[in-house]
Every structure is written in structure tokens, then in C-alpha cells.
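Below is one structure, written out as C-alpha cells; the observations come after it.
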């Protein structure tokens, strides 16, 4: 029988209340002790019908191999009860549920009189354990050797085996057979045929099956939505989901949430709002639906929403599983929500969720994104098994934090371990070389990737190389590299070149890069700002105004800079010149004191990148209230000495704030860790780990 588990991909955890657990703990011992106490007559039968009923009920509820062995032993002392076909079927189901399909087969073979139910249970046991060949052979024997006629429960099981093994030819034969028997209108058969066709890439056949079904339930809709989503037709999956919501019958369930999940990566706000509406209107939510909604937010860079929903889930009484935690951890990293990340880490230890490769990789990535490189390395070193993702994550972490040589050392350790680096691993090592100015090493690894591992460079590799060359001041070489690319450069490639032109004030190539960018992404404000910066550095204020007027005429607004700080289990957000925070008065007072001390030590505001053709004093005042400085002052007001300051930004850090942060770290004797959109800056004792190379 096709169940919702056919479509639902994400694992879940049954929500069991403390009371329910207590009752179960009491139930099993009583049932077993009652059975042991029951008298046994000469032929092994018991005279206690209540004991037999308790034993059978315990068999239905059994999910533990150890408990099942005890129950089976009791049954062996009651041959008359064990000879009952209904009990034999229950025992087969219990064996399969406890992970022993071969034990279920031994029970099946020992049964003298087998009807269709025996075959259905055994075939389903094989399918659920991925033993599709065994399922096909038993299905063939069902009619040929045992002369038992398949029914409307048999065919969905065998069709599911065809879907699981991509056995389209067998599925087509079965479709013909069910049509002849008039079972093609059966809802379970229809649902399984939909799943079979989309798994084999026959979406048109799946849709025809869906449209021709006289009755559809929520599983039918879920199967078709999953078909579109799994085959990359995301728009059609969302359209079908929208239609389902509009019809209001059947109502979406957890399976719908799991089915639409693959279509919800990097999507638009309208689609996310649709799925959230669907989620909110679900009558009964289970862990799968919560997991799916959290993952959708996390996959669309809506980290605050993901964390907020995770908190709501816990308040609703749901216990998170490994899937939940692996979904919310990236959001913690994006927000630098270290306290929540640590809480999740403690939860994984308390519930003994490790080893779990996906969860451990997510923990490592969270610590790295929160600026805790040592904690990330501890997770990495404590992993019993590491895959390429594990190595890539830690290599990327060291690269983002400016430790290029350590990243290279780890990359070489991965190669020596026998793991073959994949294209993403090469992106990480190239980016690490770029962040640390390791030009020759970067060139070596690009050549190694193409000549030793024979990977065809992707656009990400080209962007890293342009960034590496540009940061090193080789602007002309970077431009020539772009012209020789084997594919058309995208906005990331031209953007890396334009950023380098801003740093080195290369007007000529900067204008070429900007021209390409304005054609590729005419609405992207960041590139207009970069060009404005190039003009501003050259003192060409008329051109600055031309760019600003162009942005105004096109309705393009500069993305406002903001800085996030986690304190008291809450994320506090600051914008430039922000006075909305309840502690604004104290923040600005602290900032005034800091700036006076900075100037006493020789700090001079870097006003050359200010975008306004205004007096120097006004430029300095504009730089003073940047969001990074406000966030630093906020943490200083509210924390004790020596407490590290952790800030996450939505833009690149400006030169003046970088300059000021070095002074502040020396004055207040604290480590300041700032994550911008490109890398980490660790300020300590007046020095930044980036070596002013960013």
C-alpha cells in the first residue's frame, strides 16, 4: 500500500509525551509477566485468553528487537497461538519493523496456508528494506507457484519496487495488468503509478495518470508535486501546490511540505509566503512539516525567520531531531547566533546524536560562521568519519578567517587521506588563497584541478581566480584571464574585477567591468556603488553624481548597511545613524568617548571613499555613525571586560571602520570579530588577521 512515506523524504521523530512513554514502560513488563504466569497445557496452548490478547497487542506495538525476541520466545511455547495465520502475519510485520526482513521470510516460509495478505506483507517488507529483486521474485512466485491472486494491495507494493529500482519496463507491464483487472482506478494503485513514472523521468505519463484519476487524495497531489520538484520543474511544482491550496480539498499535510521542499531553494518571497500560509493553515503539524518550513527559510537566507520558527516549534512541544538541527544551524551561523548554536551542540551531546555526518558538518560550519574557528576545529577533530564536505567546510573556515597556509595544509591532508577533492573543494582552496594573497599557490591549485584531476572549471573557479589576481594587483592579467575564459563570464566574475579596480583605482578597466555589469544585472545597486567609489577616490565628483542620478532615474536604491549582534539570546540590528535602539543614548555616549581616545592615538578618518562631495568634517561625521561602530559601542556598553565582540554585516566592511576597529581593539583590550559578506576580520591588539588585505 502506498503511504505518505512514499513521498516524504525527510525523516522524523514520533512526538511521544512523557505520560505515553510511562504507560508503555509499564505495559510491556506487565504483558510479558502475565504471559509467563499463564498456565500451559499439554500441547503448549494457554488457557488464559487475556494473556494471549496482551501478547498479541504487545506484538503489534513492538519496535525493539530485544523485546521482539522475548515475545517470539513466549509464542514458541504456545504453538496453537503461533499457528494462527493472523498471529503469523503480525509476527512477520514485527520482524520487518525491527529490521529483520529475512526473519520475516522464514516466518512466511513456515506458514502452511498462505493467502494474499501473507504475500502483501512479505513483499512490502522487502520493498521497505530496498530488496526490490526479492520483491519481484516473490511476486512472480505468488501466481505461478502458489496460485494466489494479487489484489489491490499487492500491486502498489510491487509498483513501488519498480519505482525504487527505476524498473520502468516492469512498471509498464504492471500498469497493463492492473488496467485489465480494473484496478487502475484504485487510488493506491494510481498514487504508486504517479510515483513510478516521475521517478523514471516520465512526467507527462505521471501527469496523465494524475489527471485521469477519478478520486485523488492528498498523497496523489503530493506525489505529483514531488515529481515536478524532484525533476527540476520548480515552477510547475509550486503552481500545483498553489492550486491545491486554492481548492482547499484535500488539505496539504506534512507530505506536501516535504514534497515542495526541493523547489524552494533560492525562490521568491511570494512562493515562500504561499508555503508559510499552507503551513499555518495545516490542522495538525508534525515534525516533518516543521523541519520543512525551517529548511525553506534557511535555504532562502531568511535566517531570522528560521531561528524564530525553531523557537516556536520547541514552545509547541516538539522535540527536534537531527534533521531539524542540521537545518537551523546554518541560520545560527548566518546570524552569528552563537549562544543558540552552543545550545544546539549541547543538545546533540545530551541526546547522543553523534556520530552523524550531516549534523557534525553543520555544527562545524556554524562555529566557523560565528567566528569560533577553534570550536569548529574541535568538532572536525572529534569526527569519527569525515567526507569531502567535512574537509571542504574546515578548509573554507580557515580561508575565510585569513589562515591561507593552514587551509592549504588541510587540503593536502585530505588528499593524503585518500579522499579525492571535488570541484567545491577546489573553490574553497582557491578562495582561501585569494583571501591570503597566495597568488602562486592559487595558480598551482587551478592548474592541479584541470590537469591532475581533469575537472572542467566552473564559473565559481573562474571568479576565484579573477578575485585572486585582482586582489594581488594584477588587474591587467585578471582582465586577460576573463577574455580567455571558456565560458561567458557572469556578474560574479566582472564584480570581482570591478572590486579590484576600486582598490587599485584602475579607472580604465573598472569602466569596462562596470559596463558589463550594468548589462548583466542592471538593478544590482552594489556595482553602481563600486563605480561611484572609483570616481570618488579620483575626486571626480561630477561622475559620482552622474552615477547617483542614474540610480535615482532607474529607481535603484543602495542596500542599507546593517550590523547584527547577538546578546541575551536576541539578535540586535543596527543601521547607519541608527537611533531607534532603546539604548541609543548610551551607545552614542560610548562612541564619543571611543572616538576621542582614537584621535589621541593618531586615528584619522579615511574620508577618501565617502561618496559625497562635501566638506571633510561632514564626511567624518557620516563615517562615525556606520553600523559597525554602533554595534561595537552597544556591546561595550552591555558586556564585561574581555568579552569578545562578534558582529555580522550584510555588506563589505568599509576602510574607515576597519581602520577604527584596529584602534578600538587595542584601547578596550578585546577581540573584535566582524564577519562581512566576504570574509572574517579578527581584530586584536591593533592588528587584523586579514593583514589589511581584503
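Just so it is clear, glycine is given a Cβ too, placed from its N, Cα and C backbone atoms.
Note that TrEMBL annotation is computational and uncurated.
Marked as domain 'DYW' by TrEMBL: 602-694.
Under the heading repeat 'PPR', TrEMBL lists 115-150 (among others). Beyond the ends of the repeat 'PPR' (115-150), by six or more residues, the same chain brings 1, 85, 88-89, 92-93, 95-96, 99, 101, 104-105, 108, 157-158, 160-162, 164-165, 167, 170 to within a C-beta distance below 8 angstroms of the stretch.
Positions annotated as repeat 'PPR' by TrEMBL: 186-216 (among others). Mapped onto DSSP helix, strand and coil, the repeat 'PPR' (186-216) counts 23 helix, 0 strand, 8 coil.
Outside the repeat 'PPR' (217-251) by six or more residues, the chain places 2-4, 6-9, 187, 190-191, 194-195, 197-199, 201, 203, 206-207, 210, 258-264, 267, 271, 274-275, 277-278, 281-283 with a CB less than 8 A from a CB of the stretch. What TrEMBL lists as repeat 'PPR' is 217-251 (among others).
Annotation source TrEMBL lists repeat 'PPR' at 286-320 (among others). Sequence-distant contacts of the repeat 'PPR' (286-320) (same chain, six or more residues past either end, CB-CB distance under 8 Å): 8, 10, 12-13, 15, 253-255, 257-258, 260-261, 264-267, 272, 275-276, 279, 327-328, 330-332, 334-335, 337, 340, 347, 571.
Helix, strand and coil content of the repeat 'PPR' (356-386), in residues and according to DSSP, is 22 helix, 0 strand, 9 coil. Positions annotated as repeat 'PPR' by TrEMBL: 356-386 (among others).
Confidence across the repeat 'PPR' (387-421), taken as the mean pLDDT and rounded to a whole number, stands at 96. Summarising the annotation, TrEMBL assigns repeat 'PPR' to 387-421 (among others).
Through the fold, the repeat 'PPR' (186-216) approaches residues 1-2, 6-7, 152-153, 155-156, 159-160, 162-164, 166, 168, 171, 175, 178, 223-224, 226-228, 230-231, 233, 250 of its own chain, all at least 6 residues removed from its boundaries and within a Cβ separation under 8 Å. Broken down with DSSP, the repeat 'PPR' (387-421) shows 26 helix, 0 strand, 9 coil.
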